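Listed in TrEMBL:
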COMPBIAS  1-14  compositional bias 'Polar residues'
REGION    1-159  region 'Disordered'
COMPBIAS  35-51  compositional bias 'Polar residues'
COMPBIAS  81-100  compositional bias 'Polar residues'
COMPBIAS  132-143  compositional bias 'Polar residues'
BINDING   Lys273, Lys501  substrate binding site
ACT_SITE  His499  active site, proton donor/acceptor
SITE      Ser524  site 'Interaction with DNA'
Amino acid sequence: MVSPAFTLSMSQDSQHGRWTVSSSDDDDEHLPPSGTKTSGSHRPAESNHSPASLVAVTAPVEVKPEPIKPPVTSLIIGSEARQSAALNQSNPVKYETSPSFAGKRKKEVSDSAGWALSDSDEDDGDVKKKSVSNLPKQTPHSPNTKKPKVEKERPPSPHGRLYYIDEPEDFFESSIPCLNDTYRFYLNKVTGLDKKYNSGALHIRGGFGRRLFNYCFDIAWMVQQYPSEFRDRPVLIVHGDKREAKARLVQQAQPFPHVRLATESCCVSLCRKMMLLWYEEGFRVIILTSNLIRADWYQKTQGMWMSPLFPRLPKGSSATAGESSTFFKRDLLEYLASYRAPELEEWIQRIKEHDLSEARVYLVGSTPGRYVGSDMERWGHLRLRKLLYDHTNPISGEEGWPVIGQFSSIGSMGLDKTKWLAGEFQRTLTTLGKSSIRPDPPVHLLYPSVEDVRMSLEGYPAGGSLPYSIQTAQKQLWLHSFFHRWKANSTGRSHAMPHIKTYMRASPDFTQLAWFLVTSANLSKAAWGALEKNNTQIMIRSYELGVLYVPSAFNMKTFPVDKNPFPVSSSSSGFPVPFDLPPTCYSSKDQPWIWNIPYSQAPDTHGNIWVPS
């Protein structure tokens, strides 16, 4: 293996740390370092081009963490799975030494197993979430030892193939779990939690998995989640893979004749996680934040909206029949049409034949492009602003109602907060009805600290799904004063790092919500869009999708917050916020997780340190 010519130095002399990067002069700021590096006498085992080596230095630190019929056929719309691990080993990533460099260029990324990309995790469509494969905590084998044949391949693990443990017998419900169908917002099951915190959470297997499939794909694992007698149900996968990644996906699908991949004309970059599942009785829409790889369903916090089962309309129904009060049907059809994919025509026609009137959420999507005039309000944060303007109401004392944003990655937002965050984006998030008052409420941004990652169930490798780079962070230190810890004791998920993305407006005492959004969109201009040309057009770089909850659609004035959402109760009227309220501010010692600098002062929960190389 060719090691990259890459060095890092780190200093800390501001409230939230100041970092400097020493390397050569390539400025592709969002690409992670490739290759591995170990210290001491440890040898790497199963190294798969990860952005950091996990070096075992101590004994592990013990942390105690807090039957539905399958679809007849499934449409899975996923994101471009550009396997970014590799960055051709002979052409390593290099970083600009200047902390103030501007502009970047896209680099060709060669495809390699071991990384799964997702989300708007990097600004301007750069590298996405990494599901890294690092050193397992078991004793590494000799490199000269022949590896045994693995009959059932698992998706890449943050710690290596041996990290996963089998879930206990009662992890998957044998019958339909108790669900709160008021909001139809659910968290995923997490391995290693007390049973109470998984009661009513959903998993790809069991009562939920028999009807749900997704996105950045491990096809063999996906198929295994179906009960054996239903594994031949047709599946169409819309993806964005090209070249080597596409060839691997085709190879994965070969043993499964019922799995069909969209043709080249249908493949699009950076599309979102959505599934349309057809049953004999109707169809269901599922919008979620997790990929279809085991790592995403194992020890991360994910969220999803699952629609009711939409029945078929009577024959001869009008073209406008089956619409909901939230115009969900119209917006879903518009979003699918934005792909301009011939393969989706059949599915679009099917949706038109169904009754979606029970949908009580608004669809908030992004599609790449520049939009002017009335089209500016179709996508991105201006779409969210328009919905909040039309469907919420002003609140007395709303200047004290904080805005909360929670995400798993952060893009470049400018040299100060006014460039985007506290300008156009905050104006969107603070919109409540048709009031002309534009208050300046508190803004709380939730993003895991280094300590959150270190003490997580996965340890430091959880940071492979939190790709905030040093090159972005060092240009916007002002942002870190907005940061709050990831704490989720109410849902038992404080040690399950978030891959979920949520935005909301809360009351000053954090007992009520003015609205709530779960989405694929991280905190970036690429995902939400940025105004250009004196605010006469908006430019969006990626596909995103989410659902917005507003109280008026539920005949409420506000949503009460459910302070104890687990175990799930079907009678609860409270909204299950995934994390603790009020949020916990970073202390002067806390730093945001930066994934491409070393953490070697303290071992994680598996006895490892994090060493980028």
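Yeah, the Cβs are placed from backbone N, Cα and C, and that goes for glycine too.
What you see is a predicted model, and the numbers here were worked out from it, not measured in a lab.
Take the CB of Lys501 (substrate binding site) and look out to 10 A: across all protein chains shown you find 26 other CB atoms. Counting in whole angstrom, Ser524 (site 'Interaction with DNA') lies 12 from Lys501 (substrate binding site) by their C-alpha atoms. Taking only the Cα positions, the spacing between the residue listed as 'active site, proton donor/acceptor' and Lys273 (substrate binding site) is 13 angstrom. With a 10 A radius on its CB, Ser524 (site 'Interaction with DNA') counts 28 other CB atoms from all the protein chains.
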